[in-house]
Each structure stands twice: as C-alpha cells, then as structure tokens.
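**Q** Dumping what TrEMBL says about this protein:
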type	residues	note
ACT_SITE	E107	active site
BINDING	D12, D106	Mg(2+) binding site
DOMAIN	8-188	domain 'UmuC'
SITE	F17	site 'Substrate discrimination'
Amino acid sequence: MEDEDSTILHLDMDAFFASVEIRDDPRLAGLPVVVGGAGDRSVVAAASYPARRRGIRSAMPMATARRLAPDLVIVPPRIDRYRAVSREVMEILGSVSPQLEQISVDEAFLDVRGARRLFGTPEQIGALLRERIRSGLGLPSSVGGSVSRAVAKIASARAKPDGLLIVPPEGTAAFLAPLPVAVISGVGPKAVAALERLGVRTIGELREIPGPTLRRTLGPQAGMVAQIAAGTDRTGLGRQVRDRSLGTERTFEEDLVERTDVRRVLTGMADEVARSLRREDLLARTVSIKLRAPDGTTITRAATMGQPSSVGERLREHVIALWEREAGGLPRLRLVGVRAEHLLPAQGGGSVELAGRTTGWRDLEQAMDRARDRFGGESLSRLSHLAPRQGGEGRG
Ligand SMILES: [Mg+2]
C-alpha cells in the first residue's frame, strides 16, 4: 500500500567528529581515536569504532579512556570544521528530499514520500544518501527507515556502523520484540529499572503489560511508548516553524557538588522550560542540558524525544537521564542550563501528541499554569510538592 511505505528515514553519521578527523588525517585510520580535551578532567566527545571496541564511549572521562587504551590518540575538537561538514551533509539530504528535519549536528529525519518517483523505494533512497555522503564527503553514515520516526531512529542505531535498515510496516512489531526497552526514546534509566522490577526487559515483554500497570510505571508517556512498542505509531515529521530555542541557565557562586542539589536545579529548570513552551503554545522535539565545571569545561548534551512535548514530566525525565550519563565527567558544577530546541506549534504539525495519553497530562499542566499565573508563586509548581515552597533556589 503506497501510503504505508516506510518513508520516514533517520540518517545518523557514524562517530561523526572522530570520522571527520580520521578523514582529514588518514594516518589515524584503524587507531583508537577520540576527540576531546587532553586533560584528565575532560571527557570523550566522540570515539572512533576501534576505540569503541576497547570499551571507550563518548562522555566517558578521558582518564578512563586512557586506562582502557594506553595507545589512545586524542584529537582536540574542531567545532567549526564539524559544523561545516554538517552543512554539507544536510545539503546532500536536502537535494533528495526537502522534507528534512535536522535534529543535531550529525542527524536528521527525512520524509521521502515525495521523492519516490524520482529516486525509488525508501531502501534505494537510503542507499543513495549513504553513497552520496560516502563518495562526496568520504564519511560513513547509517540510515534507518520506518513509518514512525521513533522506529526509524531505532533502526538507524541497529544499522550501525555504516549500514542501512528499513523496517517494513508489517514487520515492525517483530523487529522491535527482542530489543531492550531502553531503545525507545522516552524510556529512561528510571523507567528501565521500574520495568525490570516487573520482569520486563524486551519490547515484546512490555507489550504484555496491562495498560493501567504501564501507566503507573511509565507515567504520562505510557500511551506513546505502548504505541511505539506495538508498532502502530505513525508519527512522522513535524512542521518546524522557527529556528529558535527556549531555555534557562544559571551560574552559581558556590559550585554545586551534591547530586541532590543538581537534580533539584535541573528538575526546576525542566519545569520552567516546559511552562514557557506551554505559555507560547509550542512543543519541543529536543531537550538539552549544559553543564560547566569551575575550570570552564563545558558539556552540552541533547536528547530527541520520541514525541514532541511540552510536558514537564517528560522534559524532566530526559534532562535527568542526560545529566546522570554526564555526572561522572564533571563532579563540580559552576553553571547549569536546560534548553528546549526544534520547536513546533502545539497546534498543527505537532498535534499528534494530542492523540496520545499525554493529552490529559498536558491539559493538567496547562491548568496549573493558569492557576500559577493567577495566584503566582511556586506553590503549585509540582504535583509532588504538596507543601508550598517559596523562593528556594530562585528561578532565573
Ligand atoms: Mg551520530
């Protein structure tokens, strides 16, 4: 059926920063190369596949990476270079389909529905994109395809490195069944642990959980996760109206050291950003955190949400998951920030969210916004804070 082709493609460059460095200096080929600062307090920004085979991962402290590979080659990052190459990648993608949504420096979703007459099946188009990037830029990339953006992203990750995987609509449920639940964007470490307590490790097992139990376990994104797990999600690209972002950050006079303090600040910021989104009637596809150590070392990390959202609960979960992955790298923090990116109008392009279980949650949070605007203060800011808390860390 023509309208049921897997026309949503997700293209992700393989070990992007490291691959660019290796391309620019072929002597690095085959070596455990990482991009990052050389200091022991810095972290790995990108790791080549030979480095990954030694257990090295991005966001790992450089000292750990050195321990794993004494012959480690550390290349200082050249952000401007990566941005320039990123533009070239996006140009290649745009030449095949104008339905393009870049979600990070080295990743984009494409809807190739309109490109089929000219370029063939989604599989042929995926192969063409990879070939053009390989021959034109000398870089490896991977492509996943599906009827759902969430599943396309899962497929590209399974295709890595240097691969192509198109999941046909009727094969989606079988493709997902054996995979760990964590591959679903929106199922963070906390959710994984909670599901494990129910004896659920795979997406196939997740499907067996009764709806009410799943909602208790996963909260507001249960409906969306259930749809993705069942293979019935059809969320495609959104209409991205503005190239802007919305966020908050704060510099602290005294470094944040205690994890509970960092968690509280990030949670508050995620709520604040979600509230700003709702006030402007926007949804965010991506949420990012910024962490800066007293020595100026800065990490920014972004997560793309399976479904665009303005729900505080969802932003919070992504923000905390990002931070938990990075926390080891920067034990003391001078600056913390949270930002929502790739914004869509809540009505129209992103209205798919209204179909899911999140509707009720969003309505509830919007009602709380109205109450807060009317009565002011923090007293209504969180369902879990039954006792009013004034001021506290302040909202900047
Ligand atoms: Mg990548």
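Cβ atoms here come from the backbone N, Cα and C positions, even for glycine.
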**Q** Within the set D12, F17, D106, which recorded positions show a CB-to-ligand 1 distance under 6 A?
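**A** Cβ < 6 Å from ligand 1, in sequence order: D12, D106.
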**Q** Go through D12, D106, E107, our recorded positions, and report the one whose Cβ sees the most other Cβ atoms within 10 Å.
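**A** Compared across D12, D106, E107, the most Cβ atoms within 10 Å surround D106.
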**Q** Rounded to a whole number, how many Å is the Cα of D12 (Mg(2+) binding site) away from the Cα of the residue listed as 'active site'?
**A** 4
**Q** Using C-alpha atoms only, work out the spacing between F17 (site 'Substrate discrimination') and E107 (active site) and round it to an integer in Å.
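**A** Computed Cα spacing between F17 (site 'Substrate discrimination') and E107 (active site) is 12 Å.
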**Q** What number of additional C-beta atoms lies within 10 angstroms of the C-beta atom of F17 (site 'Substrate discrimination')?
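**A** Taking all protein chains shown, F17 (site 'Substrate discrimination') has 27 Cβ neighbours within 10 Å.
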